[in-house]
Amino acid sequence: MANIFENCSYHSPYEPYYLNCTNTTNQCTLVQDVETIESIIFWIDFLIPCTLFVVACFLNAYYLSILVPEFTEMNDITKKQYIFMVSRAISALTACVIMLALRILQLITSSFTIYFLFFLIDDLSFYSLLGSYVGSAILLYLATIRPILYSNRISVRTVYKFAIANLITSVVLAITTAMFQAADLSDGPFQCDLKHCQPITNMIMLVLILTSFLIPIVTLSFVLVTLCFYKNRSESIGDFTTDNSVSKSARTRLAWTLFTFTLITLTEAIPSFYLVGTSIGQLLSTWILCAHCYSIPEYEKFGYNIQKS
């Protein structure tokens, strides 16, 4: 079969993807437009995340600069309430810094190691954040509903142990998921494509994502509903031993935590479910690819992200 681009004065790296798109007489201009669109998409995809990472790094660093000095001066009773908050802030700051560095490194190389590190940091920060939200909600529940148990049985050392367990669990999960995610996008120690492990790993990833989202949502919702029922029950029986201001503050903090986690869920769910569905994009037929190329006005309007092998 003749190369439809052989007479073009300029040769684009995207030509191999459109060799079978023969239903056109303007192939040279079309492939140049494709390259322009891909270049714009690439730089937008690079600049916007980098800008957000820089802003997030600044905000997390500022937050830590205020929180850490206060935390060191707290007594043991107060520290129990802030251990997961400090852990969450450190995890977020570390993730922002490393992911910003990895974004820049992706311009230089696309090796399996780079992809693995990128997904490892992303997954580690994600799972540790989920664990910190669950831990904070449980401590808030115990401090409000079971204050005696919270004071006598839950020590600072106990909370530290839970925080370390959360970190270890996050590392194990992150290493497992990052390895398969990186193998989907780059050649690694083992082959993972449509003919081998990808269908199974995509299903495993889907289950892990759904479970990871479900556990914190159920925990936060349960604690929030329990606190609301506890407030109504105390008022109905005339029990005013509980400090109303403390109870109201607990419900407000939990509601904002649930709202914040919902935003995090949305930002993590979109790319995660996109990754789970990559096999669908890889199965696009030639006529669909060519249809996008032929419809260059619509192509320029919406763009089309081609996965490069």
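Heads up, the Cβ atoms here are built off N, Cα and C, so glycines get one too.
Copied over from Swiss-Prot, here are the features:
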TRANSMEM  39-59  transmembrane segment
TRANSMEM  82-102  transmembrane segment
TRANSMEM  114-134  transmembrane segment
TRANSMEM  162-182  transmembrane segment
TRANSMEM  204-224  transmembrane segment
TRANSMEM  256-276  transmembrane segment
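Counting Cβ pairs under 8 Å to the transmembrane segment (204-224), the stretch among 39-59, 82-102, 114-134, 162-182 with the most such contacts is 114-134. Remote same-chain residues near the transmembrane segment (114-134) are listed as 84-85, 87-88, 91-92, 94-95, 98-99, 102, 105-106, 163, 166-167, 169-171, 173-175, 177-179, 181-182, 185-186, 188, 212, 215-216, 219-220, 257, 261, 264, 268 (criterion: CB distance under 8 Å, separation of at least six residues from the stretch ends).
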